[in-house]
Every structure is written in structure tokens, then in C-alpha cells.
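**Q** Sharing the feature lines straight out of TrEMBL:
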type	residues	note
BINDING	Arg83, 106-109, 172-174, Gln178, 225-228, Arg408, 419-420	substrate binding site
BINDING	Glu102, Lys263, 322-331, Tyr333, 356-359, Glu383, Lys410, Asp416	ATP binding site
BINDING	Glu102, Asn104, Glu326	Mg(2+) binding site
DOMAIN	162-260	domain 'Glutathione synthase substrate-binding'
Amino acid sequence: QVVNYAPFTLLPSAVPSALFEQAYAVQQDFNLLVDAISQNKEFLEHALASTIEVDDFTARLFRIHMQVLEEGLAQSVFLGINRSDYMFDCGVDGTPALKQIEINTIAASFGGLTSRTGAVHGRVLKVLGKSKEASRLLPNNPSKGLALGIAKAWELYGSQSAVVMFLVEEVQRNIFDQRCVENELWNRDIRVIRRRFRDVFEKGSLDDTKRLYMDGQEVAVVYYREGYVPKNYDQQNWEARLLLERSRAVKCPDIATQLAGTKKVQQELSRPGTLEKLLPGRAEAVARIRATFAGLYSLDMGEEGDKIAATAIADPDRFVLKPQREGGGNNLYGEELRQVLEKIRDSPERTSYILMDKIKPQPAMNYLLRAHSPLQVSKCISELGIFGVYVRQGKEMVMNMAVGHLLRTKAIEHADGGVAAGVAVLDTPYLV
């Protein structure tokens, strides 16, 4: 009743090779940046100050972060699995440029399924008599890279008998994507268990050295595939989250890294001088990162926020209004953006959003293959994600790499939403 094939495009989509290479080249810089933000209490406190006042979800995450810091971090190994998402913006002169949409620092999905998508498109091209084109599709196996990071963190945790725990939702539509990563770990003789927040609340415990136990098994790594939206939490789940955060187990992500991925932090990073402070002495990395930024604007209370709100109300098609939420399908565009902004323009509630320049990609034709959907050619746009993995032990960066890519494509009438939201489909880049 619940199993369906994942939606995908009939044909691979053209992606400019220079922009594809640029996205890969900057991923290690983004890994370093996310890690630096997660360790910078003052920056997070300052960046999220206005958001915490009006957004209860971010505030609760932040309170757990502060509580864990006050107790003293039990965790000494840190694992980041993130995915930086981009679109190709066609400027006034039509030259495409790589522009970052967001960086996902928790539950970044589809590393497993996209590891299989290239083979599907290779087969389709061969059936069409395009063997030469099929041979140009790039190998891509993020699930192996994600597992490599988890395995390294497990190894550095230093207990052979400990398990890796995937923290999953009550009903898991995207289970096969996770299984790809899980199987890679079993292949390395690393035991994997799957548990929900509810299980952690009922059966999780810490010993006096803050080692985490589930059903009597020591847990070395907690890999979150849930916990990124308010509806994932009730009072019990918040208590379970606090228990996990207080433990020695390697959390992917720990709560500071989850906060580093918020939209408000993204907007703060675009302020002049911020990147230089977070990545001192790394001028080239800063330049590579900054080159991918789209225009991002603060809606904080005050003259600057008033001015940008008025601009957006007057010309809503230039912008996207983003709340502090992950998981796709939350952004506002056009008339809807204008209505919401008009309603909250004079209220502190506006500080829980950021405003971003709307990116205008060049559409292309493709067929989107979805279960129970009619087959028709659609005008489509694509979004490229690069998976990054890093492991830090104490102050030492032990691993920092880009481990693969994800291309998602949707029909242009859908402004917002990813694959899990039922809008985008899986795709493969065909470099041009």
C-alpha cells in the first residue's frame, strides 16, 4: 500500500559543465564554513537573536544547544553530512550563473536513490540508440560517501560493539533511500538499528560517562533522518532530543550544526565581512563561497527591514519569502508573498522570514515520470545539490570531501517543493 517507484525524468537534463565543476569545487569550503559556524556560540546567538523571539521551534533548538554547552560537551567527534543546493540563474545577458538556494545540514536526502538514477538514464539513452551519450553520464554514488563519513565517525568513537542508529520518522516513505546508506554500513560490518524519537524516549538512557544506550546496545553514531520540522516534535520527542544531545554519541548533525543550516544564518552570511570572520586566513575559500550567493535580505525590525519589505510588496515577482523551515514546500512567491508581507510588515513576526532574490533559470523540455500521473512533456527547471561529508575530532579535521551530486527537476508551474514534497523528480546531469 505504501511502496511506489521514486519519480524521475525520462531523459537526463543538460547542465553547464563549468557550473557543475564550480559547485563541486566549493563544497569543501562550505563544509568548513558549516563546521566553523557550529563551533561559534557568539555568532549563532547573534544571528538567531531576532528569530528566536518569534519562532518557537528555532528557540527550542537553541535552548537545548545552550543547555548542552553549559553542561559541557560530552561529544568529541563531529560528523557533518550536508547538501548544498543550487540553481542556474540566467542573467540579463543570458549567461547562466551558479546561485545557492540553501544548504541542508540535517537529513539531507536522496543520496541513496540518486546513486541508482544514472544507471536508469544510461539504459534509456541506450534504448534510444544513444550509446555514445550514455557513456558520457558521470558515475555518482553519494550513498557510499555518506556511509564513509558515518563509518569514520563510528571508528573514531572507538567501540567495536557499538551500533549506528538511524533516527527515523513514524511512517517512512523514503526508506529505500536510507537503506542504500545502511547497506553500505552493513557491508563494512557496522551494525545499524532504526529507531524513532518515541523509542528513544521510552528506552534510551545515558550511563555516568554519558554513553548512550538503546535497548542495552551502546550507540556510537546517531544519524538523523527526522527532527527538522516542528511537527516532528511533541513534549516527549523534545525530551528524547535533549537526551541524545547530552550524550557522547556522534550526532549527525549535532544541534549546533542543525542551527547552522537555518535560513537566518544563510542571510547573515551574506553580510559584508561575516565570512572573513568565520574563515580567517582563507580568502580563496571566502571568494568561492561568496560567488554562489544570491541576494539575501534581512527583515529585522528597523529601517533596513522596512525598506526591503516595501520593495518586495511593490515588486513581489523579484523575490522569494522563506520561513525558517526545512523539507521543501514552505516558500512564498508572487501574490502570496505580497499578501503575507503586507499582513506582517509592521510586526516582529516578519523577522522569522528572510527575503531572497528570485532565481530565473532557463527552462527545458522533459517528461516527468510519476506513479499515477499522465505522461506529458513539461517545461522544466532543475536544481543541483552537492553532498558534502566531514568528520572532525576535537579541533582536527579528519575528513572533508564532496561525495556526489543530486539533480532534481520540476515543471515550471511549481514554484516550490522537492521530491519528498511530491513536486520535483530525480534526474541525472548531462554535462554540456
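Every residue, even glycine, has its Cβ placed from backbone N, Cα and C.
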**Q** Within 10 Å of the Cβ of Gln178 (substrate binding site), how many other Cβ atoms are there?
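**A** Counting Cβ neighbours of Gln178 (substrate binding site) within 10 Å gives 23.
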**Q** Given the binding-site residues Asn104, Pro323, Tyr333, Lys358, Lys410, find the one whose Cα is closest in space to the Cα of Tyr228 (substrate binding site).
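**A** Considering only the listed binding-site residues, the nearest one is Asn104.
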**Q** Just to verify a number: CA distance, Pro323 (ATP binding site) to Asn104 (Mg(2+) binding site), in angstrom, no decimals.
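**A** One finds 14 Å between the Cα atoms of these residues.
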**Q** Taking the Cα atoms as reference points, how far is Lys358 (ATP binding site) from Arg83 (substrate binding site) in Å?
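**A** Counting only the Cα atoms, the answer is 20 Å.
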**Q** Between Lys410 (ATP binding site) and Ser109 (substrate binding site), what C-alpha distance do you get in Å?
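**A** So the alpha carbons of Lys410 (ATP binding site) and Ser109 (substrate binding site) sit roughly 17 Å from each other.
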**Q** Would you count the other C-beta atoms found within 10 angstroms of the C-beta of Ala107 (substrate binding site) for me?
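**A** That number is 26.
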**Q** Any idea what the Cα distance is from Tyr333 (ATP binding site) over to Ser109 (substrate binding site), rounded to a whole Å?
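**A** Between the Cα atoms of Tyr333 (ATP binding site) and Ser109 (substrate binding site), the distance comes to 25 Å.
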**Q** In the predicted model, what is the mean pLDDT computed over the domain 'Glutathione synthase substrate-binding' (162-260)?
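**A** Here the mean pLDDT over the domain 'Glutathione synthase substrate-binding' (162-260) amounts to 97.
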**Q** How big is the gap, in Å, between the Cα of Glu102 (ATP binding site) and that of Ser109 (substrate binding site), rounded to a whole number?
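**A** Between the alpha carbons of Glu102 (ATP binding site) and Ser109 (substrate binding site) there are 14 Å.
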